[in-house]
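Q: What TrEMBL lists as domain 'Gcp-like' is 23-308. Residues or ranges marked as Fe cation binding site in TrEMBL: H111, H115, D302. Residues or ranges marked as substrate binding site by TrEMBL: V134, I135, S136, G137, G138, D167, G180, D184, N274.
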Amino acid sequence: MKTLAIETSCDETSIAVIEDGRKILSNIISTQIETHKKFGGVVPEIASRMHVEVISQILKNALEDANIGLNDIDFISVTEGPGLVGALLVGMSFAKALSYSLDIPLIGVNHIKGHICANYISHKNLEPPFIALVISGGHTYLVDVTGYDEYKVIGRTRDDAVGEAFDKVARALGLPYPGGPMIDKLSKVGNPEAINFPRVYLEVNSYDFSFSGLKTAILNYLNQMKQKNETITIEDVAASFQMAVIDVLSEKTFRLLNETKRNKLAIAGGVAANSGIRDIFTKKALEKGIELFIPDMNLCTDNAAMIGSAGYYSYISGKKSTLGLKVDANLSL
Ligand code: KG4
Ligand code: ZN
């Protein structure tokens, strides 16, 4: 069964053809990062316009790469939210037009479920139940994935998402958008124990997260150092920040694995590309006998292949959207 998947929730226009939820026949991603870099972050209006400009060509490339025609597609999967409303609307309108003209079903997909399902593509043996840690630019969730289309949220951020914290700290350090990959690179040569930034665990037993205090602590540190005319070693700030984030993420994730007695962990979202997170989670998982799944690098950040995988599992579980489907910028898991 083949789905044509469309993802336009933020600053990547992506269309993929996915077979039976796990096999990529094509996955074309056109990123707008270079344009938004000039503004230090994603400008929603520009994002929508750029999706409109390229989406038809991306469809052509995706079909060519998969070596199929539109008539070979069984159903359309499209991101319905969360994301930027104007950007989502471009993909949604395009998806509805295709579904209507080809007379094939339309399936609305939650972008966050898509990130989790990227693991099904990279790891053919992964099956629920498992614990998922979703760490992206806009979202942070600890989820008990009890079935292919069953998600139980256990914890979430109460303020900034992990990727957002990376991007804001990077900005304060004068690094270009998106800051996550830059912090990752600097951390490799910095000392993670140089500065003792706060680890916010919230209430005992809580699985929620809070990263805005950590971000503020770093801004205060940078201001104090500037006032005292002291040299700031940005590699050390980056490494110490990254370690504070990893400590909190790993404490809560492994505590949940222990409590639920699940023995599989899948990490998902753009920040899953972080090499420090990959290294430390790999080590801890090995120590604790947990099987760890992380998507291939190109499937961590936004792409349509993951939307096709989540769309497939929704479809076979009986979900079908109508042409009245609306985008939802704040759709939760
Ligand atoms: O999942 P994603 O592509 O978009 C959302 O759905 O939000 O995630 C983008 C986020 C950005 O905040 C970016 O800085 C972060 O992922 N990111 C990283 C790395 N690569 C991307 N953060 C830390 N280390 C990385 N290597
Ligand atoms: Zn995303």
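Note that the numbers count up from 1, one per residue, in the order the chain is shown.
Positions of Cβ are set from backbone N, Cα and C atoms, glycine also.
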Q: Given the substrate binding site residues V134, I135, S136, G137, G138, D167, G180, D184, N274 in the record, what is the largest Cα to Cα distance, rounded to whole Å?
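A: The span, Cα to Cα at its widest, is 18 Å.
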Q: Does any of V134, S136, G138, N274, D302 have a Cβ within less than 6 Å of an atom of ligand 2? These are the binding-site residues; tell me which, or none.
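A: So the answer is S136, D302.
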Q: Give the helix, strand or coil assignment DSSP yields for H111 (Fe cation binding site).
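A: For H111 (Fe cation binding site) - judged by DSSP and reduced to three states - the answer is helix.
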Q: Quick check: of the binding-site residues listed here (H111, H115, D302), which one has the Cα closest to that of V134 (substrate binding site)?
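A: Spatially nearest to V134 (substrate binding site) by Cα position is H115.
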Q: Compute the C-alpha separation of H115 (Fe cation binding site) from S136 (substrate binding site), stating it in Å without decimals.
A: 9
Q: With every protein chain in view, what's the tally of Cβ atoms within 10 Å of the Cβ of V134 (substrate binding site), excluding that atom itself?
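A: There are 25 such Cβ atoms around V134 (substrate binding site).
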Q: Rank the binding-site residues G138, G180 by the number of other Cβ atoms within 10 Å of each Cβ, and give the residue at the low end.
A: G138
Q: Of H111, H115, which of the binding-site residues has the most Cβ neighbours inside 10 Å?
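A: Result of the Cβ crowding comparison: H115.
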